[in-house]
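Enquirer: Here TrEMBL flags 173-475 as domain 'Phosphofructokinase'. Residues or ranges marked as ATP binding site by TrEMBL: Gly180, Arg244, Gly245, Gly269, Asn270, Gly271, Thr272. Marked as Mg(2+) binding site by TrEMBL: Asn270. Among the features that TrEMBL reports, site 'Important for substrate specificity' is placed at Gly271. Annotated substrate binding site per TrEMBL: Thr298, Ile299, Asp300, Met343, Gly344, Arg345, Glu399, Tyr451, Met452, Ile453, Arg454, in sequence order. For Asp300, the entry in TrEMBL reads active site, proton acceptor.
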Amino acid sequence: MDTLSQAINPGVLVRSNGLSSLILRKSRSLANHSRISRSSSLKASAIQHSKISTSSIDLNDPDWKSKYERDFEQRFSIPHITDVFPDAEAIRSTFCLKMRSPTEDFVGGYPSDEEWHGYINNNDRVLLKVISYSSPTSAGAECIDPDCSWVEQWVHRAGPREKIYFRPEQVKAAIITCGGLCPGLNDVIRHIVITLEIYGVKNIVGIPFGYRGFSDKDLTEMPLSRKVVQNIHLSGGSLLGVSRGGPSVSEIVDSMEERGINMLFVLGGNGTHAGANAIHNECLKRKMKVAVVGVPKTIDNDILHMDKTFGFDTAVEEAQRAINSAYIEAHSAYHGIGVVKLMGRSSGFIAMQASLASGQVDICLIPEVPFNIHGPNGVLKHLKYLVKTKGSAVICVAEGAGQNFLEKTNAKDASGNTVLGDFGVHIQQETKKYFKEISIPIDVKYIDPTYMIRAVRANASDGILCTVLGQNAVHGAFAGYSGITVGIINTHYAYLPIPEVIAYPKSVDPNSRMWHRCLTSTGQPDFI
């Protein structure tokens, strides 16, 4: 069996059958092309900025829309216990208005409230895309054909079902937190535990330090209850601890069998979700009745299809404090320049949103948008202009920006991610060198608040998001779904199959309205 680090390579989990694969590859190709090339042709520009794919669709087929919708429905169908256990018993849900505390022992049967209309129907759906673009030249257009025809794309609505497929007294639920720290981890843990207890589950454990906790004999599982988790959301970090990497998938599932775990809640990003999907597939292979449910945790906000992931709003809010400090330092110095490096390995969402929110940033650099440091249209030339006209400047960079200017290394972290060079330090050094060469005195201050941001408690917005994600993760598990993750889509909560959300990292569209708004705020030119 592959090791976990091999299993969590998202590339190996992309569904490659039929229409979806070709559309995905074409979409990515066009997105990448739009970052490195330009076209004087309006049509070519529109095609490269909107995600159009016609190579896999016969647009002359009058039924192409229906075929696309059927393929989409198949891709986004979510695995269910009955796929492997067709005779699995469905019982009335124990989550209802009559059961508000976990004190009942089901001696007289399961509680029910037939008059409660708070359940979600299995056929309820959430619309994935809500904008009907009239032209591929529209900002941020995502089109399937050159005419931007409207095609409905529906995903499964999240929430409690009237029928459940696990008896609460037979459930042993486990929670793990993997990867790096992120605001809101404790909030999600807390509400998974509370919701499990409301269903009637009494055997709940936390696996310490991510997947590592399944194999390290020195690490023992932590019993969890409402009493244990009641106030953990008041502080940052993770009650269970975090780590990257871990044992093989086979070892993890062996450990789950030994421990009797039949519900696993996995909090983590793309790599962690790839591992969760591998665990789900191994459980299917062994015909184990286990629900594996993910809760997307990435401070970078780079999970596909979702409005946002938990921790992102808090990160943007905290990042503004660093930006404000850089602004004060720069504004108070003679020819002051503040440089702030924020999180964002492959996506610049935090840098973009924090720059937009602060109103104090003059230059925002993100991985998705190419730029030159030197030259007549480079960043340093514009910095010179800002120093001369404003007397100071603030630069905000995402950690993954400008990697092409740094020496590449083959180093990998425990999750298999390439270790990035420090572009924040690089732009700071290049700025000092440039202004020294042109004999203009400057005072550069560099701020990297990464670990301060990761460690704070969730703000109110993220606290609400974490609460609902935790609750819906439990609802999904009891409904019999596995190999899924839960997220917010167009303000509604939905279940998605894991392979569809980890195909590749979500990134900022350089032709999106949000990036245009950021450019309007900073006033920066094109650095190409």
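Placed from the backbone N, Cα and C atoms, the Cβ positions cover glycine too.
Source: prediction; values computed, not measured.
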Enquirer: Starting from the Cβ of Gly344 (substrate binding site), draw a 10 Å sphere and report how many other Cβ atoms land inside it.
Expert: 26
Enquirer: Taking Asn270 (ATP binding site) as the reference, which of Thr298, Asp300, Gly344, Glu399, Met452, Arg454 (the binding-site residues) have a CA within 10 A of its CA?
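Expert: Thr298, listed in sequence order.
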Enquirer: Just to be sure I understand the packing, how many Cβ atoms besides its own are within 10 Å of the Cβ of Gly271 (ATP binding site)?
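Expert: Taking every protein chain into account, the count is 25.
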Enquirer: Can you grab the distance from Gly344 (substrate binding site) over to Gly269 (ATP binding site)? Cα atoms, rounded to a whole Å.
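Expert: A Cα-Cα distance of 13 Å.
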Enquirer: State, in Å as a whole number, the widest CA to CA span among the ATP-binding residues Gly180, Arg244, Gly245, Gly269, Asn270, Gly271, Thr272 given in the record.
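Expert: Per the listed residues, the maximum Cα distance equals 13 Å.
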Enquirer: Across the domain 'Phosphofructokinase' (173-475), what does the pLDDT come to on average, as a whole number?
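Expert: Computed over the domain 'Phosphofructokinase' (173-475), the mean pLDDT is 95 on the 0 to 100 scale.
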Enquirer: Taking the residues Thr298, Ile299, Asp300, Met343, Gly344, Arg345, Glu399, Tyr451, Met452, Ile453, Arg454, which the record names as binding substrate, find the longest CA to CA distance and state it in Å to the nearest whole number.
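Expert: Per the listed residues, the maximum Cα distance equals 17 Å.
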Enquirer: Spatial neighbours of Thr298 (substrate binding site) among the binding-site residues Gly180, Arg244, Gly269, defined as Cα within 10 A: which are they?
Expert: Gly180, Gly269
Enquirer: Fill in the CA-CA distance, Gly180 (ATP binding site) to Met452 (substrate binding site), as an integer in Å.
Expert: 13
